[in-house]
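Feature annotations, reproduced from Swiss-Prot:
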BINDING   97, 107, 135, 224  substrate binding site
SITE      142  site 'Important for catalysis'
SITE      192  site 'Important for catalysis'
BINDING   224, 248, 252  Mg(2+) binding site
BINDING   282, 283, 284, 285, 286, 287, 288, 289, 290, 291, 292, 293, 294  NAD(+) binding site
């Protein structure tokens, strides 16, 4: 029997709740398809601050490195906001990405037919949306040096540096074009080349990569226009390629096309090593412990893990289809209750319904 080692990082807020549901579902799926998943839960984010004093302990890093994949729920809580930046949960996430060289963030956004009414946009605008945001994840302004805050005679001055090298742009562009080749063969590169030198390099390198993919249509949009187009005509996009900061913002805009950020999975990948699979949403501490969180983004992240990291494509498709069936049956968590339905369920009940479908 094939066996896989998965590191679980439940993190903070609703993280443990959606992790518990996903763990149980993956156990069912693995048994049904004849493989084994060995899970190891490790502290990360706020939970690691509580246990180890830092958001990303070395023991967690080593466990991640020795895994076939990492399944992360969510991190962050306002109670850690007064800590020095290097000790906050968010810094642990940045360190995870850099330590595993997770340079490629893949965020699919696809409208589930039964949820078209959940979107804040009209049905006709969103019903054909099927796009992927490919975001560079380990460079750009979040990692650039110098950065900091200094005292001046005019008060405090704060600064960050946005930087990219040709190699960094090249490798993320390759990911986007290869992905587009499997889809509708369109890449839209998003930058701010009319203002930023770093974006001019981004555009030049993307064009160079595109020369190797003659069958792929490459277009360019400035980030402000891309944000508008995502709301105005989202179905025009296939693969959106962009940098760290712009991708962070655009992927959250794209997330709301589905009606809830609780629906969207993501994968953060490297060329050689374990990937990290996580929902796009945050830790939602305001609803933690109430059993009302939407576990679907976490479950779809698990499906991405099955497909990409473990090559268990049949199992991944089976899980995705079961999730769609539950939604088609009218079951909704509270974040989706703008749709007319009487079948509101909580996090654990959504997991139980899905488990019944999988048997």
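The backbone N, Cα and C atoms fix where each Cβ goes, and this holds for glycine too.
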Spatial neighbours of residue 282 (NAD(+) binding site) that are distant in sequence (at least 6 apart) but have CB under 8 A: 13, 74, 76
Cα proximity to residue 142 (site 'Important for catalysis'), best match among binding-site residues 107, 248, 252, 284, 288: 248
Minimum Cα separation from residue 192 (site 'Important for catalysis'), reported as the residue among binding-site residues 107, 224, 294 that achieves it: 224
CB contacts for residue 292 (NAD(+) binding site) [other CB atoms within 10 A, all chains]: 18
Euclidean distance between Cα atoms of residue 248 (Mg(2+) binding site) and residue 107 (substrate binding site), Å: 10
Cβ-based isolation winner (fewest other Cβ atoms within 10 Å) among the binding-site residues 284, 288: 288
Cα-nearest neighbour of residue 292 (NAD(+) binding site) within the listed binding-site residues, 135, 248, 252: 252
Top Cα neighbour of residue 294 (NAD(+) binding site) in the set of binding-site residues 97, 224, 248, 252: 252
